[in-house]
């Protein structure tokens, strides 16, 4: 593979990762399809995907750095208030409660989960995840009990964490599972999305660093330019995608995302079967 060809592949996959990682459309499904079409598969490809995920995570840190510092008691300027005055405040406990279910389940069933990484399981997950998005839009309370992040209860955070367990099924979409769960628990669409992004930082950082440690041997000095291009591209695109997504969901529901998931599932079927 020539240098220019590998850098082009890195840029394409960086765009795909950045666009889809935090949208409820399954980055796994997209990466499987695009990686297959580009002929970029195998151990090096898996390590590359881990590295560019770090770029996407960094975008969330940059977007929500004030809120993240606030979770550990460090505040800059006036206290954050999203939608009117709130009696409470989002704390580190909310994040920990949102993490516990998936962390426990992920550790217990780690090997089983890894065995699910194949096109057929991803295809089914895309469909089921799309149905959950539709269910969340149809069944959510008319008036959210938690219009803003600081209105969320510990129970809501824990229940969102339980929904996050669905994302252990490859192709389901972590953001799709957590946002849908939040809406069903009475959290507004916007606040549920913000909480999903905040929850992604420790969850994805931990999983990504662990995967990177295990696959470090597949990274060579010759791969560094390619990995750097993918990392930076994923970071920039994810930053734009998150900002756009948060503005978009103020005006539209998640139904279009659900329909898109069904289209991607059909694409997986066509490409692999």
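Cβ atoms are placed via backbone N, Cα and C, with glycine included.
The range from 45-65, 66-86 that Swiss-Prot describes as transmembrane segment is residues 45-65. If you look at the transmembrane segment (116-136), the same-chain residues 6 or more away from its ends with a CB under 8 A from one of its CBs are 24, 26, 28-29, 32, 166, 169-173, 176-177, 179-181, 183-184, 254-255, 257-259, 261-262, 264-265, 268-269, 271-273. Packing against the transmembrane segment (252-272) from elsewhere in the chain are residues 23-26, 29-30, 32-33, 36-37, 119-120, 122-124, 126-127, 129-131, 133-134, 136-137, 173, 176, 179-180, 189: each is 6 or more residues past its ends and has a CB under 8 Å from a CB in it.
Long-range contacts of the transmembrane segment (90-110) within the same chain, counting only residues at least 6 positions beyond its ends with a Cβ under 8 Å from a Cβ of the stretch, are 67, 70-72, 149-150, 152, 154, 157-158, 160-162, 164-165, 167-168, 178, 195, 198-199, 202-203, 206-207. By number of Cβ pairs under 8 Å, the transmembrane segment (222-242) is matched best by 6-26 from the list 6-26, 45-65, 190-210.
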